[in-house]
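What TrEMBL annotates here:
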- 49-74: compositional bias 'Basic and acidic residues' (COMPBIAS)
- 81-96: compositional bias 'Low complexity' (COMPBIAS)
- 148-162: compositional bias 'Acidic residues' (COMPBIAS)
- 539-563: compositional bias 'Basic and acidic residues' (COMPBIAS)
- 49-171: region 'Disordered' (REGION)
- 539-574: region 'Disordered' (REGION)
- 176-208: repeat 'WD' (REPEAT)
- 277-319: repeat 'WD' (REPEAT)
- 326-358: repeat 'WD' (REPEAT)
- 372-406: repeat 'WD' (REPEAT)
Amino acid sequence: LSPLLPLVADAEMLGAPDPELAATMGFSGFGKKARTFDLEAMFEQTRRTAVERSRKVLEAREREKEDETEKEFRIPCAEPSASASSATGAGSTLTGRETASSESEDSSSEELTGPSMQSQSSAKGPAEDTDDDDEFIGPPLPPGFKDSDDDNDNDDTEEEDNNPVKKIPDSHEITLQHGTKTVSALGLDPSGARLITGGYDYDVKFWDFAGMDASLQAFRSLQPCECHQIKSLQYSSTGDVILVVSGNSQAKVLDRDGFPVMECIKGDQYIVDMTNTKGHTAMLNSGCWHPKIKEEFLTCSNDGTVRTWDVNNEKKHKSVFKPRSIQGKRVIPTTCTYSRDGKLIAAGCQDGSIQIWDRNMSVHTKFHCRQAHASGTDTSCLTFSYDGTVLASRGGDDTLKIWDIRQFKKPLNSADGLPSFFPMTDCCFSPDDKILVTGTSVKKGGGSGKLFFFYRETFQKLYEIEVTDASVVRCLWHPKLNQIMVGTGNGLAKVYYDPVKSQRGAKLCVVKTKRKERQAETLTQDYIITPHALPMFREPRQRSTRKQLEKDRLDPLKSHKPEPPVAGAGRGGRVGTHGVTLSSYIVKNIALDKTDDSNPREAILRHAKEAEENPYWVAPAYAK
């Protein structure tokens, strides 16, 4: 209150003007009073806030003391004594604000109204204690409400726990048309806002769920690696950059909009020891980001190495891991991944082994299993469970296995009869870590590619989804969206979701109506503005596109429909597919249809009369 006192003094000085002073100074004629300050209200307000704050402090101290006394004595009568001691303490532990307020009250000779502070705090005490024991926040719930709601929730959760199939979000689906060739890579950013798809057609397409309408069109398409198939796409842990692994030896990093950030250096293929070359020298097989360090990523290649890289240094790898066969020879890693904490690096190799290194020690493996899958097959995917204890592997030998890396000799569970024709067929865990998902491949006309769901503990097949009449290559179950993305062998990317269990994602774009395309926009030509042109070259300014369009429609030349291209063999003087070369021009002219369908005898006799009257060729020669 000390800062307020000088203001109050000024207010008293400025308050009601002295009538004599006003008369002499000539103020009385205006009839306006100076603003008066209600000191009583001000003091009352400050006193209340001080009391409120001190009461909170006191209550906190009371609770602490009560807890201590309960621990020490455990006597029923401890509570009243504690409250009494705290009440007496209340008088002694006045804060500086309160003493100031009491002084100011004395100076302004105001009497306190209402109960004293001690009685207030003691009156509040028991109620506060009872609330504190139950730890309620907010107003109490109506009787019976809480129990019934909890029971329903418990029933639902129990039902879902007993039947994990109900957790699979597959009631609805949308289909994104990537192209016509295999979708070999899928990536979702951590927030689930954007999906990227890559395929055997070299294209990478960007899909934005929030910006897309029901027509489901990609907002960007590019070919980051010219004529190389896309093997893997992944957003970094922060979602600001994308790792692109293609069929060449240099991995690329793009930003969110597809602009290049860095490209790894190509190694020297004439150096025998792969540790001494700066980058990969053969085709890449797979790659992924470090889950914790946002600048680090991992790639594996046909040159028999697994390398880690830093986004900020494209000139050289960070470290090299060299998988070895049981004879100590070089072996090609077909897939690689980090553990969930980023401390381990795992690689599946062509000799059927799975080899795991400590990220900081690249020479010897920390764990390895030699006969994880059949030798000579491509292990297409390795993935760690969310709890980090279990590793799942998808083999080229048509199996899916699950391993505890601490006992790496034999798998915990295994499922077979899951055909896989692609070197990137993958598997993934559900967000709750209880279900394992993988896709199967089919030959053309050999039925439908399916998505299989296995229970992690028992490896019992829970569920299957018939996706399409082609292979299922990629699958991805996003933990935030609770939606399943699937890449297929016929160029589709499917998104499975449930309107109730899933969040955002595909739900955002299916509700938007398709934008109607205005025809005027598609048919008009661009108007070239040339302000400094001579009058004879200046184009008349177009007033309205629609009027111009109506005029063009009436003009027979402008609205003439062009001839459709000739399919198959040429006819009517048009060759099916001819270019602009001389030979094609000659062929075109040879093929002109010059046949005369009329009767040849009539055609000759048509000239008989004229030849008789005016002989020119034959008759004059035989005249003599």
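Just so you know, the numbers here start at 1 and follow the chain as drawn.
Using the three backbone atoms N, Cα and C, a Cβ is placed for every residue, glycine included.
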Field: Positions whose Cβ lies under 8 angstroms from the repeat 'WD' (277-319), at least six residues beyond its ends
entry: 231-232, 234-238, 240-241, 243, 245-251, 253, 261-269, 271, 330-338, 340-342, 345, 347, 359, 362, 423-424
Message: Can you work out which residues elsewhere in the same chain, 6+ from the ends of the repeat 'WD' (176-208), have a Cβ less than 8 Å from its Cβ atoms?
response: 216, 218-235, 237-239, 242, 244-246, 256-258, 422, 424, 471, 473-474, 476, 478, 480-481, 483, 485, 487-495, 503-505
Message: Please report, as numbers and ranges, the same-chain residues at least 6 past the borders of the repeat 'WD' (372-406) whose CB is under 8 Å from any CB of it.
response: 334-341, 344, 346-354, 356, 412-420, 422-429, 431, 433, 436, 438, 454, 456, 459, 479
- request: Tell me the residue counts in helix, strand and coil for the repeat 'WD' (326-358), as DSSP assigns them.
  value: 0 helix, 18 strand, 15 coil
Statement: In the repeat 'WD' (176-208), averaged pLDDT is 90
